[in-house]
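*Asks:* Provided herewith is a single structure, encoded as structure tokens, for subsequent inquiry.
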Amino acid sequence: MLQLRYVTEEQLAGFDQYQYSAVDTNPLSVYVMQHLWNRIVKIVPLWIAPNLLTFSGFLLLLINYFVLCFYDWDYTASGSRLIPNWVWWFAALSTFSAYALDSIDGKHARRTQSSSPLGELFDHGLDSWATSLFTISWFSVCASPGGSSGLSEHTMFLFLSIVLLNFMLSHWEKYNTGVLFLPWGYDLSQVTLVAGYLLTAIVGVEIWHKPLVFGYYVTTVSLTLIIACSIFLSLPQTLYNIYTAYQRKTLKQDSLYEALLPLVSPALLFSLLTVWVALSPCNILIKQPRLFLFMVGVAFSSVACRVIVCQMSNTRSESFHYLLFPLALVVFAAVTGLLGRLEESVFMAFTALTTMAHVHYGVCVGRQLSQHLNIHIFSMKKRAQE
């Protein structure tokens with residue numbers, strides 16, 4: 001069951017030739033956070049595997065998410081102070097710890113001379129899922145379904161979609177240039193999340209449900225900023241970097257079609273999800289906001305991981321992710337009324353199967369690369385030669 005070989009021989013050969021290349025120009029990262037991480041990494045014992053740091057950070061995010069699920073399943077508890085104050089302190093601690101572990105894992109790998117393509121794939125693969133967990137956990141602070149002071153269900157879906165598409169842009173950029181230009185928004189968003197959780201723990205959730213200047217709420221301002229930054233900063237910067245690579249004749253892809261191929265599946269994914277949200281007879285997003293947004297994050301991560309494998313192995317991106325076919329069938333059956341009262345049940349089953357399929361993919365790919373590179377995922381020891 002766990003021996004399925006998702007990575008092709010061509011991709012394995014590509015991983016053998018892989019060289020990490022990244023550029024970080026974010027002032028917050030370069031002049032502030034990197035100095036902190038350089039100090040923290042020195043206290044990590046040398047026998048701890050870098051992937052163990054990465055996975056520990058991801059587990060902290062999952063635990064934080066499940067705690068918030070317990071107290072605020074439908075995103076209605078924050079406005080009524082039903083969430084205990086210790087939850088916000090824990091959210092701040094777990095978010096900062098995950099941020100720190102994600103930032104020092106690569107440094108620790110270089111420090112222990114254990115850097116590998118598996119480590120980077122493990123890191124970016126979990127990042128593709130963690131990006132949604134950060135976002136949908138934060139919604140417990142500022143959500144206000146049906147109200148005007150916070151984020152509505154549809155606004156949360158829009159917010160999450162923009163965040164995930166920004167993540168995809170950075171890896172689409174690397175697919176075409178061979179260089180990962182670390183997005184400025186990552187460090188800024190992590191520091192903002194930690195500060196936001198701390199402020200909530202100290203002052204209370206009421207601060208997010210009071211208007212600022214000119215009657216605008218914090219949530220409205222934040223959504224406007226993220227849309228503006230995406231349109232006027234992230235996208236232009238990505239296109240500029242790709243154009244620069246084209247000018248220097250270092251572009252990885254030969255044609256516009258090949259260059260745009262990684263964006264086909266994400267575009268179709270969010271198109272199908274938007275149709276479902278807009279035309280669902282039972283208003284599935286309103287009925288199950290937390291579970292629907294969780295499913296969006298898992299489905300996106302499943303698509304993104306395939307793109308990451310292709311860009312790291314320097315192989316051609318797949319045209320259509322297999323997940324799009326069952327999703328299209330479910331969406332069609334739902335919006336045409338064929339599912340009737342079964343829509344919610346089918347949605348839950350689809351979410352469960354998608355999550356299990358994604359976890360299975362991650363485990364199998366990790367095992368396959370571990371065997372191919374002759375290394376253990378969570379240990380510094382070499383695998384025994386077969």
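Including glycine, each Cβ sits where the backbone N, Cα and C put it.
No curator has checked TrEMBL annotations; they are predicted automatically.
Here TrEMBL flags 43-66, 86-104, 184-208, 214-235, 256-279, 291-309, 321-340, 346-366 as transmembrane segment.
So where do these features actually land, and what's packed around them?
*Replies:* Long-range Cβ contacts of the transmembrane segment (86-104) within its own chain (Cβ-Cβ under 8 Å, at least 6 residues beyond either end) map to 33, 37, 40-41, 44, 53-54, 56-58, 60-61, 63-64, 67-68, 71, 123, 127, 130, 134, 137, 141, 190, 193-194, 197-198, 200-201.
Within its own chain, the transmembrane segment (184-208) is flanked in space by residues 25-26, 28-29, 33, 78-79, 81, 83, 85, 88-89, 91-92, 95-96, 99, 134, 138, 141-142, 149-150, 166, 217-219, 229, 233-234, which lie at least six positions past its ends and keep a Cβ under 8 Å from the stretch.
Residues 142, 144, 148-151, 155, 158-159, 162-163, 165-166, 169, 183-185, 207-208 of the same chain lie 6 or more positions beyond the ends of the transmembrane segment (214-235) yet place their CB under 8 Å from a CB of it.
Remote same-chain residues near the transmembrane segment (291-309) are listed as 7, 11, 121, 124-125, 128-129, 131-133, 135-136, 139, 156-157, 160-161, 164, 167-168, 171-172, 175, 262, 265-266, 269, 273, 277, 284-285, 315, 317-318, 321, 323, 327, 347-348, 350-351, 354-355, 357-358, 361-362, 365 (criterion: CB distance under 8 Å, separation of at least six residues from the stretch ends).
Cβ atoms under 8 Å from those of the transmembrane segment (321-340) belong to residues 265, 268-269, 272-273, 275-276, 279-281, 284, 299, 302-303, 306, 346-347, 350, 354, 357 of the same chain, restricted to positions at least 6 beyond its ends.
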